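**Q** TrEMBL lists these features:
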TRANSMEM  12-29  transmembrane segment
TRANSMEM  49-72  transmembrane segment
TRANSMEM  84-103  transmembrane segment
DISULFID  Cys142-Cys158  disulfide bond
TRANSMEM  221-246  transmembrane segment
Amino acid sequence: MEIHFKGAEVSCSVKYFLFGFNIIFWVSSEHFGVLSNMASITDLGGFDPVWLFIVVGGVMFILGFAGCIGALRENTLLLKFFSVFLGLIFFLELTAGILAFVFKDWIKDQLNFFINNNVKAYRDDIDLQNLIDFTQEYWSCCGAHGPNDWNLNIYFNCTEFNPSRERCGVPFSCCVKDPAEDVLNTQCGYDVRLQGELDQQKYIYTKGCVGQFERWLQDNLIIVAGIFVGIALLQIFGICLAQNLVSDVKAVKANW
């Protein structure tokens, strides 16, 4: 007569689901691209936000590595490391959300400062140029508060001693797009600020990006909140998966 003992087992579904979950961390860590010099366009006491992106990307890479190897090798130490640090990130995100609500006026001032300094450095850095062009096109805006903010740029300002052909103009990303045009007209903003405000509205966006961003945020508040809640739930789910796998591994070892 044979006697079969059915002991505790490590759930393969949890194991490989956790592995797949951590692949997201690895992929995400590769997408923290950096701008060449963000310290010059932010008012953070000389702190360069690029370092923040590098640190966040590095932490996500390490967490992804710990979670993947921990899940495949059933290593409880790596799984606990992953679980604890994912919980810490969740706590920091929650804290950041509360601080963002409390200091929303400071964040608005930072946004103003960022856009205005980006305007000044528009021709100095291709990454910054692409960023502000994308912002103005996406939110149908021009400058922080309006087209005249482009007076801050040495190429677009309206001073009589400015020899630039772009004098009293705006970048092409400020222009109202003509659906009939197949080819992008990069000179559409030339001399446009020499016209009256009503005439300008025919050719360029006259609303500032700060106001447009606030309006977009209000219109999409439920979607934005849903995204943040979804990310938080994913993190909690990841912690639960890791803890569940740790419990399974301990149960198996206890039966040895």
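Here, residue 1 is simply the first one shown, and the rest follow in order.
Glycine too: its Cβ is placed from the backbone N, Cα and C atoms.
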**Q** Short question: which residues 6 or more past the ends of the transmembrane segment (84-103) have a Cβ under 8 Å from it?
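**A** Apart from its flanks, the transmembrane segment (84-103) reaches 59, 63, 66, 228, 231-232, 235-236, 238-239, 242.
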**Q** If you draw a 10 Å sphere around the Cβ of Cys142 (disulfide bond), how many other Cβ atoms fall inside it, taking every protein chain shown into account?
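**A** The answer is 29.
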**Q** Taking only same-chain residues 6+ apart in sequence, whose CB is under 8 Å from that of Cys158 (disulfide bond), what do you get?
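**A** Long-range Cβ contacts: Asn151, Arg167, Cys168, Arg193, Leu194.
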